[in-house]
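Per TrEMBL, the features are:
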type	residues	note
TRANSMEM	A:22-45	transmembrane segment
DOMAIN	A:27-86	domain 'V-ATPase proteolipid subunit C-like'
TRANSMEM	A:66-86	transmembrane segment
TRANSMEM	A:106-133	transmembrane segment
DOMAIN	A:111-170	domain 'V-ATPase proteolipid subunit C-like'
TRANSMEM	A:145-170	transmembrane segment
Amino acid sequence: MSGVTIAHASSWGAALVRTSPYTFSAIGIAISIGVSVLGAAWGIYITGSSLIGAAIEAPRITSKNLISVIFCEAVAIYGVIVAIILQTKLESVPSSKMYDAESLRAGYAIFASGIIVGFANLVCGLCVGIIGSSCALSDAQNSTLFVKILVIEIFGSALGLFGVIVGIIMSAQATWPTK
Amino acid sequence: MYGFEALTFNIHGGYLEAIVRGHRAGLLTTADYNNLCQCENLDDIKMHLSATKYGSYLQNEPSPLHTTTIVEKCTLKLVDDYKHMLCQATEPMSTFLEYIRYGHMIDNVVLIVTGTLHERDVQELIEKCHPLGMFDSIATLAVAQNMRELYRLVLVDTPLAPYFSECLTSEDLDDMNIEIMRNTLYKAYLEDFYKFCQKLGGATSEIMSDLLAFEADRRAVNITINSIGTELTREDRKKLYSNFGLLYPYGHEELAICEDIDQVRGVMEKYPPYQAIFSKMSYGESQMLDKAFYEEEVRRLCLAFEQQFHYAVFFAYMRLREQEIRNLMWISECVAQNQKSRIHDSVVYMF
C-alpha cells in the first residue's frame, strides 16, 4: 500500500491502519451525538428531580429554574449540530485511495472531533445538572441566591461550547483525497 | 465513591431530599419563637401557630386548648411528614428512615413496661406512646413478667429483636432493670445504626458518624451523671457505654470511675468539642447541661444541611422537628402556668 510502513501484516498496528477510515468517521459521528445526549439527559434528570420536589413547598421557583434545564438541553443541541456538520464532511473516495495517509487523516479527524464534542458535552451536561439542582434548592429557601448561582451555571455551560469549537476546527481539516 | 454522589444520588433520592429541604424551611425561626413567648394564653399560641406549617393541624381544635393537645397535633405533623417520605423511599433510604424510628420504639416499650409495673391501664399507656414508635403487638407488652417473656412474646417479631441479645435475663422487671434494659437496647441500636451508616459510605457516613458519635457521648455523660449515687456498679455502668464516639475507649474508662459532677467535668474538658460545652457552666451547676447539649446538637444538625446528596438531612430534619416540639411544649407549659420568666431557660433557638 502506498506511503504507509507497517511492521507486520498481522500486528495491531496493521489492524489500526487497515480499518476503514469510514468506520472511524461513523463512530465519531455516533459518539458526538450519542454521548452529548447522554450528558444532557443525565443533567436534566439531576436538576429535574430536585426542582420538582422543591417546587412543592415553593411554587414560585418553577419558571425561573427551567433555565437550568434549558442549559442542559443546549448541550444536546450542540451534539446534534456537530453531528450534522460532521456527516457533511464524509465524502466518497475510490477504493484505491481509501488507505492513503490523507484518507486516514480525514477519518481520524472526524473521529476525534466526535469524541471531543461528545465527552465535553457529557461533563458539561453533568456539571450544569448538578449546579441546577443546588440552584433550585437554594432558590426555594432564599430567592436572592438564584442569579448568583446562575452565573456559576453559565461558566459551566461554557465547557460544552469549548468542546464544540475545537471539534469544528478539527473537522474543518477533514479533507479527503481528490479523485 | 465519596465525592461523586452527585452523579447518582438524585435517581432515587433527589425528590425526597428536595421535599425534606422544603420542610426544613418551615421550621420555626427565632422571630417566631419571640412571638410565641409574648403570648398570654394558649389561644394566642394557637393563633400564632396557625400562620406556620402547623396551622392545618391545629385549626379544628376547640378551645379551651390543653398543652398536650398542641404537642399531640404537632407530633402528628411530624409523623405525617415522615410517613410521606417513607412511602416514597427506595432502598437503602427506606432502611435508613426505618432506623430513625427504632429509638422511639425503644422508648415506647420501656414506657409500657414501666407503666404496667406501676399498675396503670394499658390503653392509657398506649395513648401516651410516641406515634412514630408504634408497632402491631405493642399492647401485648403488658402481659410479660420478665425480660425473657418480653422477648419471646412480643419483641422477637419487631425490628428490635437483634438488640436484645445483650440483656436477656430471667430476672423480674423492676425500675432499675428497666432503665438498664433501656440503655442496653439503645446502645445496641446506636451501634447498629452506626455500622449501617458506615456501610452506606460517602457523605452520609461522614455526617452521620459525627451526629451519632455526639449522641453516644451525650448518652454516656447522662448515664454517668444519673447513676452517681445509685447502686449501679462501675462495670455495669461501663457496659452501658456505646463502643464508638469521641470518648471511646479512654474517656469511658475515666467516666466509669466518676463519683460526682466535677469529676465528670474534669474528664470532659480534655476533649475540645466538649470543653466548649462545659465551659459555659460554672462549677457545681448541672441543670444547664441538658440545654447546653441540646444547643450543641441543634448546631450540628443544622450543619448537616450544608451538604447536598446524602441521607443525613432526613435524620437532621426529624431531630430538629422533635426539638421544636419540645420547645413548643415548654413554651405552652410556661404560658399556661403563667411562668413566662422561665421561658428562656429551656428554649433552643435554631435559626
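Residue positions begin at 1 at the first shown residue.
Using N, Cα and C of the backbone, Cβ positions are placed for all residues, glycine too.
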> Any residues 6+ beyond the ends of the transmembrane segment (A:66-86) with a Cβ under 8 Å from its own?
Replying inline: 25, 28-29, 32-37, 39-41, 43-44, 47-48, 51, 110, 113-114, 117-118, 121, 124-125, 128-129, 131-133, 135-136, 150, 153-154, 156-157, 160-161, 163-164, 167-168, 171
> Mean pLDDT over the domain 'V-ATPase proteolipid subunit C-like' (A:111-170): what is the value?
Replying inline: 95
>> Please count the residues of the domain 'V-ATPase proteolipid subunit C-like' (A:27-86) that DSSP assigns to helix (H, G, I), strand (E, B) and coil.
In response: 57 helix, 0 strand, 3 coil
